[in-house]
Amino acid sequence: MKVFCGRANPTTGSVEWLEEDEHYDYHQEIARSSYADMLHDKDRNMKYYQGIRAAVSRVKDRGQKALVLDIGTGTGLLSMMAVTAGADFCYAIEVFKPMADAAVKIVEKNGFSDKIKVINKHSTEVTVGPDGDMPCRANILITELFDTELIGEGALPSYEHAHRHLVQANCEAVPHRATVYAQLVESRRMWSWNKLFPIRVQTSRGERVIIPPLELERCPGAPSVCDIQLNQVSPADFTILSDVLPMFSVDFSKQVSSSAACHSRQFEPLVSGRAQVVLSWWDIEMDPEGKIKCTMAPSWAHSDPEELQWRDHWMQCVYFLPQEEPVVQGLALCLVAYHDDYCVWYSLQKTSPEKNGRVHPVRPVCDCQAHLLWNRPRFGEINDRNRTDQYIQALRTVLKPDSVCLCVSDGSLLSMLAYHLGVEQVFTIENSAVSHRLMKKIFKANHLEDKINIIEKRPELLTPADLEGKKVSLLLGEPFFTTSLLPWHNLYFWYVRTAVDQHLGPGAVVMPQAASLHVVVVEFRDLWRIRSPCGDCEGFDVHIMDDMIKRALDFRESKEAEPHPLWEYPCSSLSEPQQILTFDFRQPVPLQPIHAEGTIELRRCGRSHGAVLWMEYHLTADSTVSTGLLKSAEDEGDCCWNPHCKQAVYFFNTTLDPRAPPGSSQTVTYTVEFHPHTGDITMDFTLSDALDSGC
């Protein structure tokens, strides 16, 4: 059965109705899931297995049957571990139907159908009793309901319900306990992901400073956690202000509460500085004694950095304090962690909340609009002084005193730079209510509300009256649009340029004047694991899961690239970067496709995991901004990526299986095509084997 789905096209800006298979969302969810990453997490799997064996033994030693409840079973892996460890029966709960169906097949293939019952329900819908899903309560509770924030996937409500309705009192739990840790730091880099810094502009009239509005300065920021691969942040980018502080623990073997709570820890700052950011992670203890532990600690806080397990399904958290606070070495303070049923947040106080009688605040919510429009990388991009200087220098070469400037980018400060550099008149298109409100606040804070005209409408609806009857002599864009996911989605700027063509005057300048698509073939240190088949996991056959992921990828995404912030995922280039498509913004979008095909020579030995693609914007003939590689790869091929943008990764499925030989490919052939009607870029890459690679 086919269904029609309406989608906004991020490149063309139009709404399209697409005919999709009725299960297309299932395929997409499976293809983009972390199932493969979890199966490759050797440390996690081994620790769970050890904890399950110990829990089953404790129940058996009491002379009881071991009845297991496995919530969020996924592949059924943990249930199969339990049965192998001696459990008498397992009830494996999985709410996602395609996953539950796969679990049934995996359990059957491994010969456990008589001892594992897969229940396709949410755990809160499971019933107990003679006619229920479970005839009686379980005495062992196994779960893997955790995300990077620990509680963000609803672990607390699920545990709370399970203890009340599904498991016996004093049951065994695997994991037994979780502890959340925090460390206070000062970091201009991470703080730049949350606040707008002043921007200094040298003009013919002296220095001008663009400042953030007071609402933005006071705003607590976005409520969502910032989860990153913290080990990829250079130690030079932050100063540690406190020891690692255990903030709170949850004992999963007892009744759990999902009610809001706060936990404070007194500490003495190690050095004086500005408290801006809380780094946080957690560990889980699989047994009551805490001998079997799985930790998310970053390298500097890990008991054995050499044994650090890479994983992408659990990372580390960055929390931003509502305001930066000065701290003095040795002067005691309280770090306070708050949580509700799904979120954690932090504050810094002079005394503990219990002593000062304060009621803990509600979850922080953005009230300045900026955190609704700009995500964390976008804040970092706007605060990047080198990038801003590059735009300023480019603007100086194209501006004239009588220029009429039209700026097209979501929530961009380019219009303010253009005004300060001396153009006659500036218009900016902000076609969303959020961007319109934010830019209005920023203009007002800088006394520019009557200097820059905001047009709140779609570009194709622009009229001469909106431009006060004037022709545009300078069309500006970064470009940046909030709807963009893949690098080339910002080609929406080209479609806007085409839509406003009638409003451009003779000899109008477009900046950037062009863009180009670039590619490099890489070997990832770890990211390949998220798309790699597992085969066997801790002795269990999970090929069915591999096949399901492959079918989901083949359904849509096997010929598509996916966005990843590659500064978090180290890789080495195996080829030189290569330009494969160009887009001339000085001309409207063409009617015919832009096609390219060719060969990429591999110049370094390694396993070719995929091709990385990114855009470069040519502001002028002499100035280019890259959203991908920032400099040529070093001798070893190590890549340095733009930290404010996601790059596109096209995985080569044939090289993702770690059991396959590295191969002897020396070239990669490609076919890439830009389709003007849809704005899509289709691509295909093929590894070509050589008789003798010399590797």
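Note: Cβ is positioned from N, Cα and C throughout, glycine not excepted.
Note that this is a predicted model, so its numbers are computed, not measured.
Per Swiss-Prot, the feature active site maps to Glu144, Glu153. What Swiss-Prot lists as domain 'SAM-dependent MTase PRMT-type 1' is 14-345, and the listing cites sequence analysis. Residues or ranges marked as domain 'SAM-dependent MTase PRMT-type 2' in Swiss-Prot (evidence: sequence analysis): 358-684. Residues annotated as omega-N-methylarginine in Swiss-Prot: Arg32.
Counted within 10 Å of its Cβ, the other Cβ atoms near Glu153 (active site) come to 15, all protein chains included.
Between the alpha carbons (Cα) of Glu153 (active site) and Glu144 (active site) lies a span of roughly 10 Å. Under 8 Å, Cβ to Cβ, and six or more positions away along its own chain, Glu144 (active site) finds Met38, Tyr48, Gly72, Gly74, Leu78.
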